[in-house]
Each structure stands twice: as C-alpha cells, then as structure tokens.
Amino acid sequence: MSLLGTINPNLNPARAVGAQGDAEGAAPVSGGEPMPIFEGNDSARTSDTALDKLGKDESKYDEQIAEAEVTRLAQQLTRQSTRFSVSQNAENPFLETKEDSTLNPLGPNFKAKNWMKNLLALTSRDPERHPRREAGVSFRNLSVHGYGSPTDYQKDVFNMVLQVGALFRAVTGTGKQKIQILRDFDGLVKSGEMLVVLGRPGSGCSTFLKTLAGEMNGIYMDDKSDLNYQGIPAKQMRRQFRGEAIYNAETDVHFPQLSVGDTLKFAALTRCPRNRFPGVSREQYATHMRDVVMAMLGLTHTINTRVGNDFVRGVSGGERKRVSIAEATLSGSPLQCWDNSTRGLDSANALEFCKTLNLMTKYAGATVAVAIYQASQSAYDVFDKVTVLYEGRQIYFGRTDEAKEFFTTMGFECPERQTTADFLTSLTSPSERIVKKGYEGKVPRTPDEFAAAWKNSEAYAKLIREIEEYNREFPLGGESVQKFVESRRAMQAKNQRVGSPYTVSIYEQVRLCMIRGFQRLKGDSSLTMSQLIGNFIMALIIGSVFYNLQHDTSSFYSRGALLFFAVLLNAFSSALEILTLYAQRPIVEKQARYAMYHPFAEAIASMLCDMPYKITNAIIFNITLYFMTNLRREPGPFFVFLLFTFVTTMTMSMLFRTIAASSRTLSQALVPAAILILGLVIYTGFTIPTRNMLGWSRWMNYLDPIAYGFESLMVNEFHNTKWKCSSAELIPNYEGASLANKICSTVGAVAGSEYVYGDDYLEQSFQYYESHKWRNLGIMFAFMVFFLATYLTATEYISEAKSKGEVLLFRRGHYSRGAADVETHNEVSATEKTNESSDGAGAAIQRQEAIFHWQDVCYDIKIKGEPRRILDHVDGWVKPGTCTALMGVSGAGKTTLLDVLATRVTMGVVTGEMLVDGRLRDQSFQRKTGYVQQQDLHLHTTTVREALRFSAILRQPAHVSRQEKLDYVEEVIKLLGMEAYADAVVGVPGEGLNVEQRKRLTIGVELAAKPQLLLFLDEPTSGLDSQTSWSILDLIDTLTKHGQAILCTIHQPSAMLFQRFDRLLFLAKGGKTVYFGEIGERSSTLASYFERNGAPKLPVEANPAEWMLEVIGAAPGSHSDIDWPAVWRESPEREAVRNHLAELKSTLSQKSVDSSHSDESSFKEFAAPFSVQLYECLVRVFSQYWRTPVYIYSKAVLCILTSLYIGFSFFHAENSRQGLQNQMFSIFMLMTIFGNLVQQIMPNFVTQRALYEARERPSKAYSWKAFMTANILVELPWNALMSVIIFVCWYYPIGLYRNAEPTDSVHERGALMWLLILSFLLFTSTFAHMMIAGIELAETGGNLANLLFSLCLIFCGVLATPETLPGFWIFMYRVSPFTYLVSGMLATGVGRTTAVCEKVEFLHLTPPANTTCYDYMSDYIGSFGGYLENDNATDSCSFCQISSTDTFLSAVSSYYEDRWRNFGIMWAFIVFNIAAAVFIYWLARVPKGSRSKN
C-alpha cells in the first residue's frame, strides 16, 4: 500500500487513472459497497475519513464496465499526445495552498482521488526522473522451517539443575529439533493485486507473511524454495532492498511521547526521495505527504495528540492502529504484508481498512498480502486472490470469487449465511467442516490429503502455468533488477551508496533522529525535570551531610568519602539507560526493517540528545555539592572537578549502553550490570586502597574507569596543599609538651610538624600521584571511545530476543499422551470427547433453579464534576437453561451492565431492583455467580487442573468435602474437553496455552466454583478467530443444556454465531434499551419487531447483528430518524416484559428457601474459613516461586556472586587500622544488594496482586488479609536459604570468625552474624512489600525504595560518623535501620580482639631527651589506647594508635555489648514493615464498599 509510490517508482498510470475513470465516484471495489472514503460531508471533517471523501451516493461498482474503462484509458495513456494533455492540465499538489482546493489535505474540500489523479499526471511527465518501481512476487515450493521443541517441561528450582545438559546442547547446537512450518507453497501476487491469507491461529499465516517480507529471524527457507520478486532474488531483496518489502506486525509499537503528526512526519522524512518535483523542498514534501495520509485515514484531528501506549495516555487503540498503517504507507514499500491488522476492530472498521488497502493497490500499483482471522463477506470481496493454510500446508491459492466453488465441487457444503472466509477457514477444522451427503468417503480429511487434492487440481495446474509465465517475463537477475536499482537510485541521496537499502544519507538519518529525540524529550519533559530535581535534592542532602568541611586533617576521611560518593553518583546516573534502551528497542528494530535509518544512527542521536540533560545535571549536581562541602575553592581545581565527573558520567553511559545493546533480554542485561556495578565500586580505590588490594584482584582496578576518575579527583583536591593538624589529632596531647615531640595522627604526617602535605597523604594512603591526573583523563577517553564503538556495533547487529512459536508446557512427570497432537491430528478425537463426556458430566454440573431478574436498573457517575447516566432503566431476566446475548454499540454500557448486575462496581450510584427469586441479593451473591472476564487472567506458573482446584476449594460452600470439590473439578475438565492439557502449564501467550485453551480455562475456573445462580460472560469471542469463537459457543450451548443460566455480551457476531443465542438484550448509547426478547428461528422474532416499527426488511443473506446496528444508525455511515429507545418504551413487548417481571417477583418470593444447607456460612462473604484461605494462598504463591527458577536462581546467583566477590576482595582482612576499615566496608558493600533484591521481589507481588484484584477479589474467593499474609510469609524460607548462602560465602572468606577465637565465642558470634544477615534479608523483603503495597507499578515502587535505601546508607554511620554529621541530620542516623544492622554486624564481626598496625600506619615521633618511648607515651596509652613497637627506644618511637578493635568500634559509635540489642531493633523494623504493608494496602487498594466487610 504505497502512497509514496504514487510519485516515486511505484506507479502504473494506466491502471491507476483508468481504475477511477472520469466520474467523481467511489473507487471501485469488486462486489462491495462504495468505499466510505471519498467526498464526504464537509461539516463532519474530523469524523469522516478520507475514504469517505472519495465518493458517497455513488452507484454500485460494475466490474466489467470498469475493466473496459481501464483498457480504454490504458490505450489512451500509451499515446504520448494524450499523456501530455493530461500532464499539462495537472497542478503540483505540493505547492497548492488554496484553502478550498480539492488538493489541500487540510482544506474542507480535499478529495483523495483528485489528488492522486494530479500526482499520477505529474509523474507521467518525466518517467526517467520518476521511474516505475513495482514488486510483485511469485513463489514455488516455498518451504520454511525453524528449530525448537513442540512440547517442553516447565522449569522449577529442582529440575533446573537437570537443564545443564540441555543448555550445553543448545549452545553447541546438537539438541536442536527441526520443525517444518510451511510445506511446498506456490503462488503469484502481481503488482496491484491484493491477497488475503486465511487459516486458523498456528496454521503458518504469520510465518508465510514474514517469509514474503524477508523477515527471517529464527526461521529458514528450505534450499528448494524459489522466490521471485519481479526478477529480484530473495537474498538481494532482503539485503539491498530491505525496506521495499515490509511486514506489519499485529502489535502497534511507537514512541508514546511523540504526537501523531511528529511520528508520521519522521516516517515521511526518512523515506523522502531525492528526485522531488521542482520547487518542492524536503520539508514541504514530507509535511504534505503526512497530511495527505492522515486525511485519508481520518487522523487529521489527532495531529497534535500523543500516540501513547498501555501506560501513557494518547490516541485510542483504533487510532493507534491507523497510525501504524499510515507509517507503513509512508515507508513507500511496493510489497506489504499485514498480519492480522484488523484485530480489535469491529467489522465496519475492518472493512474500511481493507478498502483503504484496495485504493492504494489500484492507484499506486502496490502488492499487498493480508492475514485476517475474522473477515466479513464485504471485506473478503475486496481482495483479488486468496490462499488457505491448514497446519502449514497450502490447500488453495487463487481468485477470491472461485475459492468457494473449488471446495463445494470437492464435496463440502457451505451453510446458509456463512461468509466465504469463514467457510474456507472452517475446512481446516474437522469438527466444523460439513460434507455433502454421498461425499463422506471422497473428500480429504487430513492436512496432507487437502494439500494433495489441491496439487492434483486443474486450478493448481493453471496457477503453475501463470507462475512460469511470470518467471519467464521477469527472470531472476534480468532487466527488471536494473530498473529497480535505477528507481531506487532516483530516490536515494547522492552520497548514499548504491547497495544501501536506506534512502537518506547517514548524516541526515542522525539529524532526523536527533530532531525526533528532542521532540520526545519535550513530550515527556516532566520525567527529565523530575530527574534533575531529584538529583539536585540528593546533592543538597549529601552537601548538608558533609557541610562546610574544615580545612584541616580531621576532614581527610570525610573528603575522601565525599569524592567517592560524588564520583559514584555521577557514574551511575546513567544506569537507568539500560531500561530506556530496552523500551525503545522494538520501535528502532521495526523502523530499521522499514529501512528508515540505521540503528546506530538512532544510537548516535540518542547520545547527542541526552547531552543537554547530562551537562545540565552535571552542572547543577556538582556545583551544589562542590560549594556546599567546601571543596578546594580555586577556579582551576573546580573546573577540573567538573571535567572529570562529566567524563566519568559519559564513560559509564557508554558502558551501560553497551551492556543493554549486547544482550537480547532485559534479565540478561541486569544480572551482569549488578555484579559489574559492585566490582566498579569495590575497586574504585576508596573502600580498598590500591596498596591493600590483593595481587590476584589488582587487575580489576586497572579495568575500572571510575578508579581513574576517583584518583584524579583526589589528586585535584589534595595536590600541592598543606593541611593543619587539628588539635585533637596531635599525639600525645600533653599540655606543655613541645611540638618537636608530637606528631599528627594522620597518615603522611611528619614528626615535629603541625602540617600534613596533601601529596604525602595521597602517596602513603592510596599510592596516588599528581603525574597520573591527566594520564587518567586519556585512559578514560580511551574507555569511552571503546565502549562507544562496541555500543554502536552491538546496536546495529544484535537484535532483541524473539518469542518461540506456540508450544505447550507440562509439569515434569505429568506429560499427557498425545499432548503434542492437541493442536494437530487429535482434533477429531478431542471433539468427540467433548460431545461424549458432556452427557456424563451433566450429572455433576449443578442445575440452577433460581431466576435472576432486574427492573429499572440505572447507574449514574460523575465525570469531571458533571453527572452522567451510564445505564437508563434497564429491565430483564436470565432463566436456568437459557443463554441471553447482551449487545450494543461501543460505549453503550454492555460491560457496565454486567458489572452492575454482578455487584462489581465500586463507585457511582446504582438504583433499581436486582432480585434472585424475588428476594434481594445477599453478600454471598458474588461468590455464587460466575463472571468470565474478557481478559484471560491466570497465574502463568499454575497448571490447568490446579487453577480449577484452587477455585473449587475456595469458592464452593464450606459444607462440601474437599474430595467432592476435587471430583467436581475432574467433571469440569471432561465437560470442557480439556483432558489432553489438564496438566499443562498456563504459561504466557506463545509458550503455554493457546488463545482458545485460555478462554476454556477462564470459563472452567468459574464453573469449578459451582455457581448456584448464573454465569456472566464478557465478550468471550473477542479477538478470537471464527473457528475458536464457534467452539466457545459450542461450550456455552453445552452449559445451557445442563441448566446453566448465562448472560453473555458479544460484539458483532457473525450470522451463524448470533443464531445460537436464545434471547437478546440490545442497548443503545446511554445504556437505553432498544430490545429485550426472543431472537426466534432465523432471527424472525427480532426482525419482525424492528420491521413493524419502521425498519427496512432484513435481507435473506444479511447478518442480523450488523443489520440491527444499521437499523438504529449505529454502524459507520448509517443513520436513523427513529428514536428506537422511545419506540421500545411504548411497545407492547416492553409492557409484556414489565408484566412478566411483576409476576416473577410475586410468585418466586413465595418459594421456600432450600434449608438443607442454609446455615450461617451460606450467607457469608467468603465460602472458606480464613485458615483454608491462607493455606491455599500460601501453597499457590510458594509453587509460583518454586516454578519461577529464574527468580530463585537469580536471587541465589546474586547472593552467591556478591558475597564471594566481597568476601574475596576483602579476603582475610587484617586487624590493622585500614584492615578494620576494610572489614567495615565489606559489611557496608553487602548492603548494596538491597536494591537488586527489591527489584526482584516487586514484580512477583504485582503479578499476584493484578490477578487477585481483577478476578479473585470480585468473585470473593479469599480475603485481602489472606492475600497479603501469604505473599509476605512466602519469602521467609527463601530468605533463610539466602542468608545461609551469604553467611558461608561472605563471613568465612573475610575471616571474621578469626576475631571470635580469642574470646572463645566462635559459635555464638557466628550464629548472631547469621541471624543479623537473616534479619537484613527479611527487612529487605518486608520493606519491598511495604513500598509496593499501595503503588501500581513495580518500577515506581523500586525507584522509591532505592531513594529511601540511599538515605539509609548515607546516614548509617559509615561514610559520615555521627560526630561529623550536622545536628539537623542526627535524627536520620537514629531512624536508619542500617545504623543498627551495620553496628551489630561490625561489633559481632570484629569486637573484643587485638588490633595490629601495618608498617605504614605506625607514627614515628621523637621523645624528649633522655626519655624512653614507654615513659613518654604510657600516660597517653593508658587514656586512649594504642601500643609501642619499641618501648625502650630513646631516639624514635614507633606508635600504633589502636591496640584493641573496640577502640576502632567506639570511633564509629559501635559497641560490642549492643549487638543483641541491635538485632532486636532490626526485628522491630521488620514488624513495622509488615504492619505498614498491611495498613497501606488496606488504605490504598481495598475498595470502600468492602472495607467494613473484609
């Protein structure tokens, strides 16, 4: 569907102009109605699409006349004189600015046909400048395969260990199983033709379209396959002409922050040709093309609206689909493949989409292939050709008007009112195809037999002749290839290489991506501003913690800690870029497939677009920090500080981007990122100075970019400076003692001097030298360039992981025989089973006796302060053994009525009577009814049988024994025909149950609850293909036969589906009733009502559901002057309904209540007692964890690697001053796994909560207290296991156990250390639950938790001791849980043992004359501790400031005797977290209506 083709190479003027003729009519569509896209009502500009503008009120299309007209005009156009006369009358639409021109897409009189006619005439003036570019396609013996396994086992914590061999086989490629997806396809789609691809989900439609478009990611063509793109070989098409054949996937991925106008203008600019019309700039061209496409697709009114997505508000889903269509249109591809692009659209909009495609092919000569799962007859008739797929076999390819006859001649029967598309697809389902009498043994049955019948037919032979003729006309590598290359070259920028698939130059690609990048930033400026403000606040907090540091030696440690913090915060400010890159990756890959730009061009642009933010952030953060803390206040050092912090930011940004681009999934990126960050922090040079790094690990420091930045910042602060020793640090501090006999206690001090030189301090403490400062800058630049190169390379060549094809997963040991055949050859037996078992199961299905009826139901809510009525006096009833359809236009209130009747609304005012057997509903009503939601919400780790059992145990009455409930579940499984996959895992779409199996399970979960009153179903067939919809209706039929009362909403069913309902409740806009009553045989009762009241007669072939919408004026393009809700209110039918309701109320209320089980529990809100609720929830959540080995193993791997990394980095730390500091930092660094553990816990909780709140809470399965308690308790055993892992991997390598040996308390202190680690992990998990309890998104909860975690770390007493904290912040030191945790672990780990100085830590001072060192220092040692290395020396004393580790502990306000108290305080924090989590959930998430009840 190439609109760009109209001016570029893609034209066939003869076909295009001829197809429209001279009349101002609709573009003709074979067999269909005039397209609603031409010449519309000017007053309805925003709602009419341009398809409305090309011709209303036109006569029906006569195909023969049109073909004659095409021939006549084609002959005219071959004559040059005629061509020039057409051309000379043409105007240039790009330069047309008149408001009322029919060529102005923004004007009220725009006509797409006139615009196209002018454009075609213009391009025909100069065919060399605008050469034709067409790409029809022929294929012979097309076979495609992939690798994988048809069935797999679900992984859990135990059997994951058994996967090591499988992993090895996967890596070596020896374990691959070849799976044939497509077998021997043949076909021909010429330029200007449309092909519809029909088949059930899983039949190979998507693979076929991807193959045609050259998207061979994970799939492979067999060697014998021949593809001919009008002379171009498949490899050349994929490589050199990638954007000329495109695949439009079912999903709509766009940048949500961009407006629709900006999104489409970008697409137009990236494919803007070099050879434009004279005087038309690139900007004019792109803007005009965008406006034309938006006008044609009815998007003009959304030009400034954000595209949005599931989380960002923007245009509607239908409009977003049209944005995808417009983007593909603007790509200008002559061959387009559309995969189920009508999903989610009603039949009217689907038809409009098909007609749009038809218009494009007829005018622009594009080649289009479309897969549609539900096609109305009108939509089907738009296409030229059809191919039918059956489990990877092609069973037909040919003209759409010949397909039905091909199969009816073979012996199959098409039921009355079944559309041709449904008939063709039904042939691939053994349970649905109907064989004519006398043909039972003659017709094909299996896919292979169907394929053989097709191959042996005359239609196939004719197709092969056409393909051979086409291939002779366009031989591979023939003249047409050169013409195509020349036409591409006419489009490409001058400096773009000939073999490139891209249109604009690399410079232009980067420029356009940059413009778009700034538009995205503008569209989401709040995020950027919040990040800047957040970093500024963090700078203020840290600046206040280290506020106005003294310029003396007492600030040495604080300055080091401050610079360490500063360089880390700058370095890791880009860590979130990993998430950002993953969010945009599908969009970039899609647009690269459209050949809009190189992925690396977007990568360069995104870096450049981030620069203003990074520079602004660096200035704001670093200036605030620098001047608040009194760092070196000289111009030179200040700018050097800014330079190095910014270069660190940029270098680490490149590193994080490389990680993101090099991995195929987010989880692959996050685990190495977590370990990498830990390593970068430890080996920066502050936590372990370089002189203390172990020889085998020193290389990590060399590979740490942050280490070079930290060294330069330290040198920048201390080089060439002189620091006065504070009076408290002069040793000994005797009054009257001479300075010559004193020394400053700081490393680098010289005896007899009250000053310490910064260079001496750096050299002796860290082995840092001034000569390294600028060398380090060069090294950092080298790192930056290296990571930049790897990032750009990875971006260009590594694509995102693609999902596997549909496979069933089973629990190990529960594999069902024949399960692999569930979707293949066992269909017949599965159908027979359903029919056989239904009678047996009927005895178990509870036959409902109660009648649910309602009268005058109204529902009012306030929207923006204005009252609005959603439902308006709705009456009706549902009786046992009947199925009532609830229909209406979009927005009529169908789902709202279901929610109101099912007591599921939590806001607004509901009035009217809703009665069960004439009595008001009690609080057990919700659990006594089943409600099948439109979305199939299930826990992905559970099996089908477990999901049903969970529902039965918790929702069936308490007096029913557990065994009876389990037996009933087996009956439900038989009834639903789910035996073959009863032990299959639900999984996620694509890896687990398919769409139909999910829908059956959704219904089964409600049936398992044994609903005593009725079953509500909301859109059970929405988004399903026709065959799956039919099987769901089969199921509903079975249920009604067994006495179930069913009320079911349905959206525009086919005629055959509609006939299967007993009654209809039909709503108009505003929730007003249009009809309630019997449907009747062949819809006669319904049709009679409407016809009597002024509706046109129902045509024999019409779909009553669509006819009904047209009658009331609710279908697109229809209008009604009759007020149908008013007609209903005055009708005798409504009077009869009211009388019957009054009769039901009076007679049923006299019925005696069944007292056999009407004890108190029958009327309780929940069927099961709290203990049963909690037990079942615990079992399910624990099994979810057990069956999510990725979660458990990633948690374990994180704990093991982090603990070992820290343990061996600080291996056997000595009890020297630096060694004790290292041991303190080993505890401090262990705290950093907090953030990663929180990020792992929150998504699991959100998954459980989403299921509970959407399905299980409204159905009263269990209470919110059981839900919260189970989710908190399930973490306990895993945290206990992780605490053992951390204890072993961390405690012993560091050697903390050795400090307990002198006091003979190894066991007691080891046990306490393990308990403290356990309390840390429990605090982490309960804190995560507290943070996420009231918050919707795991990302938001994670960010908030990390912010609070950072504050806890800053104020825990390690980086800034309580003595150095400003008075204002002391409260934070006291409320930080890590204060007590670190203090308890430090005291337990190093207390009550001797300390020994390293050689460099001894202070060398001179005693007074004739005095021994011992005599001189004994008083000081008695007061402050320490020891002398040489007691009797008289010339130079070597003094160590600490002799006991308790001296070190007291310096950081940690005391050995407080260790058990600190453990108790940690438990107080844990209890607080649990209480707060429960309270926050109750406050934020429990609906007001149920707060008093739950």
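Keep in mind that glycine also has a Cβ here, set from the backbone N, Cα and C atoms.
Looking at 1-48, 913-960, the range tied to region 'Disordered' in Swiss-Prot is 1-48. Matching 595-615, 1351-1371 against Swiss-Prot, the residues noted as transmembrane segment span 1351-1371. Under the three-state DSSP scheme, K894 (ATP binding site) falls in the helix class. The 10 Å shell around the Cβ of V889 (ATP binding site) contains 20 further Cβ atoms across the protein chains shown.
Contact between the transmembrane segment (1276-1296) and the transmembrane segment (669-689) is not supported: fewer than 3 Cβ pairs lie under 8 Å, counting only residues 6 or more apart in sequence. Here the candidates are the glycosylation sites N141, N340, N622. The one whose C-alpha lies nearest to that of G891 (ATP binding site) is N340. Taking the Cβ of G891 (ATP binding site) as centre and 10 Å as the limit, one finds 13 other Cβ atoms among all the protein chains shown. Spacing of V889 (ATP binding site) relative to N1432 (N-linked glycosylation site) is 102 Å (Cα to Cα, whole number).
According to its DSSP assignment, N141 (N-linked glycosylation site) is in a strand. Note on the domain 'ABC transporter 1' (162-416): mean pLDDT across this stretch is 88. Listed in chain order, the residues near the ATP site other than G888, V889, S890, G891, A892, G893, K894, T895 are T896, L1067, K1069, G1071, each with its Cβ within 8 Å of the site Cβ centroid.
Cβ contacts within 10 Å of N1432 (N-linked glycosylation site), excluding its own Cβ and spanning all protein chains shown: 9. Applying an 8 A CB threshold to same-chain residues 6+ apart, the list for A892 (ATP binding site) reads L1067, A1068, K1069, G1070, G1071. Counting only same-chain residues at least 6 apart in sequence, those with a Cβ under 8 Å from the Cβ of K894 (ATP binding site) are L886, M887, G888, D1018, T1049, L1067.
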